[in-house]
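Scroll down for the structure; my scribbles are underneath it.
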Amino acid sequence: MSSAEQALATGAQHLLAGKYFQVAAFVMLLYDHALTISDEVERVWKKRISGGSLLFLLNRYVTPLQFIIIIDAFNDPRWPKSVCSRFVVFEGASTVVLVAICQLIMILRVYALYHRSSVILGVLMTLWTAQITVSAIGLHTGITVPLPPQLVGCILTGDGPIFPCIWVAPLVTDTCIFGLTIWRTHRYIRDSGKAPTLYLFVRDGSAYFAAIFMANFLNTMMYFLATEDLKAIGASFSQLITALMVSRLYLNLRQNHSEFSELPYDEETIDGVELRVRSRRNRGQSFLTQTIADLAEDLDSGYYPDRDDKNSGDDKGTIVIMSSMSLRRKLDHIPNNV
């Protein structure tokens, strides 16, 4: 076998491996959809639509639709080379947008965790905007993998050190989100030791961060160490595991909210005032409020912040119950002399 034939055979093997890896990742996503479709119906479709659920549905259904087109471009010989050179731009841009949607869900989740801190939101949204910008710059350096006429595939890769920013930028954002989650959780547990929803936040956040970190790290290493036709072999898996983990995270939070919202009314006394409290979302909430509540409902359930602990020694026998974020805000405005 001549050197040219050997190179062609090696290229064909690498291309086939990339196609198998992509199809396997797509099947993984579809299998997870099948496993969680009943949860989706109960926790999303049967509930009131909010910004959180819209982001979930975009991530849930636009991603597989995008990959149907990508898989066809990978395998259909009718795609001409001129079309492929333009298609890879769509492939990369749609990936950046869909990953950004996943990141936005995580950002709103942390925003809710920090009781809607404008500082936290500003920092994370700035980071999110920078991520999209840097990813777009990296995408601008992308090219179509050059293939001999015998091989079929429209595959995006890069030819410079900036291209891996497509994976490095989300990794930086995820690291900041995970760090903020751990820090806030530490504060909650230190102050009260009673915050059941936070354990769900940390569990899902840790699993999400570990999976996404390893996938993006793998892509970055492959780009710098692998041969030209294998540089982007893990790109599909990275995007699909991100979509899968975010969908799981959202459904788990909605499960926690559903269980909490079924609690009966409780009679509580706050500074001598009897209140009937129920951990159900206020019907008058704004669309943004509902979005935040979707991502962190009953976060304050069982949590007693420092300022409430300081007042717990009053002779009135105060019982402070924070059954939702909206209830916390209402109770803060109750006069002390009521």
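Glycine is no exception: its Cβ is also placed from the backbone N, Cα and C atoms.
According to TrEMBL:
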DOMAIN    20-65  domain 'DUF6533'
TRANSMEM  12-31  transmembrane segment
TRANSMEM  52-75  transmembrane segment
TRANSMEM  87-112  transmembrane segment
TRANSMEM  119-141  transmembrane segment
TRANSMEM  161-184  transmembrane segment
TRANSMEM  205-226  transmembrane segment
TRANSMEM  232-251  transmembrane segment
So how many of the residues in the domain 'DUF6533' (20-65) end up helix, strand or coil by DSSP?
41 helix, 0 strand, 5 coil
Using Cβ distances below 8 Å and needing 3 or more such pairs, separated by at least 6 in sequence, tell me whether the transmembrane segment (87-112) contacts the transmembrane segment (12-31).
no
